[in-house]
Amino acid sequence: MCILGVSTVFGVFTNLLIVTVNVFDKVRGRKLNPSDLIMVTLGAFNVFFQLIMLINDYVSFLDCDLYSSEQIYTFFTVLLVLPIFSSFWFTVCLSIYYYLQIVMFTYPFLIRLKLGVSQLIPKLLMASVFTSVANGIPAAWYRYKDHLSFDIANNQSLIAAPKVNVVYMLPSTIISCSLPLTFIGIANGIIIKSLLSHSHKEDRNANGDLTPKAEARIRAARTIGGLLLLYITFYVSEVLLFIDTFPRNSPGFCACLIVIYIYPPAQSVVLILGSPKLKQISLALLHCLFSKKQPKTIEIVFVKL
């Protein structure tokens, strides 16, 4: 519970930082680019997911009987799967954006998508939410009672705990977990291949250093690679918990829970490190917290991919 509390506080702070900085930029009149819009949406859903996860775990810890009731379990199950599925599809949207911005195209259809990416991304975000809702709400009807035995002072007790049926979990996992993972992996592979095969002299200045545009492309590839790695670890942990690989209170079970707890804050850290604007603001905040000196004025340079 301590790890859950710390990860929630840190995750809410970092994700709210992403949302707040971009919203303030919008209020000041700066138009948000598609990647900013994706990060704002992803950050907001991560905050929602962490708060629901915190309430869910504390209710299950404080009152197991209340949590095991049909209504409460169904309520938390639906509220948890919606932001999880949405987060996966939002990551796909970010991968598609970087793919369209970095990779060189010769097909007319892909060129049109690249030119109209600012209109495409909002539609993809809405489609992501719709897909997540369509896959998440049916969880309310696919439940069964799993009888768990507990040994308390050599007295065996049997408790009927609700669980989501495999009839629901299998197709929903394929559609909203495995499919996004496949898309992100393919996009990441194509982006890396494009960066390796299209290294030009114009990517470096007279001193031999990378140009801002080339650095932005590499930074985007690192961001997608980091998100893909987090995605895989989260996905594996969820599968291991669902198929009851580890008994409760075992080190393996706790390790899977820790991976799930730290997923949203780790995702926000990857996004912050991949954005020069957010990275500089984060460093300025840390400087204000740990230094009494007046911080210098931050000058942010926006680089279009």
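Just so you know, glycine gets a Cβ as well, placed from its N, Cα and C.
Please treat TrEMBL annotations as automatic predictions, because they have not gone through curation.
For 14-243, the entry in TrEMBL reads domain 'G-protein coupled receptors family 1 profile'. According to TrEMBL, the feature transmembrane segment maps to 6-24, 36-55, 75-100, 120-141, 166-191, 223-243, 249-273.
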Same-chain residue ranges lying at least 6 outside the transmembrane segment (223-243) that approach it to Cβ under 8 Å: 88, 91, 94-95, 98, 169, 173, 177-178, 180-181, 184-185, 187-188, 191-192, 252-253, 255-257, 259-260, 263, 266-267, 270-271, 273-274
Long-range Cβ neighbours of the transmembrane segment (36-55) (under 8 Å; 6 or more residues past either end): 4-5, 7-8, 11-12, 15-16, 18-19, 22-23, 25, 76, 79-80, 83-84, 86-87, 90-91, 93-94, 97, 121-122, 125, 260-261, 264-265, 267-268, 271, 275
Recorded stretches the transmembrane segment (166-191) and the transmembrane segment (6-24) touching, at least 3 CB pairs under 8 Å: no
Reported mean pLDDT - the domain 'G-protein coupled receptors family 1 profile' (14-243): 82
Same-chain residues at least 6 beyond the ends of the transmembrane segment (75-100) whose Cβ lies under 8 Å from its Cβ atoms: 34-35, 38-39, 41-42, 45-46, 48-49, 52-53, 55-56, 59, 67, 110, 113-114, 117, 120-121, 124-125, 127-129, 131-133, 135-137, 139-140, 143, 164, 172, 176-177, 180-181, 183-184, 187-188, 190-191, 220-221, 223-224, 227, 231, 264, 267, 305
For the transmembrane segment (6-24), sequence-distant contacts whose Cβ falls under 8 Å of one of its Cβ atoms, 6 or more beyond its ends: 32, 36-37, 39-40, 42-44, 46-47, 50-51, 53-54, 261-262, 264-265, 268-269, 271-272, 277-278, 281-282, 285
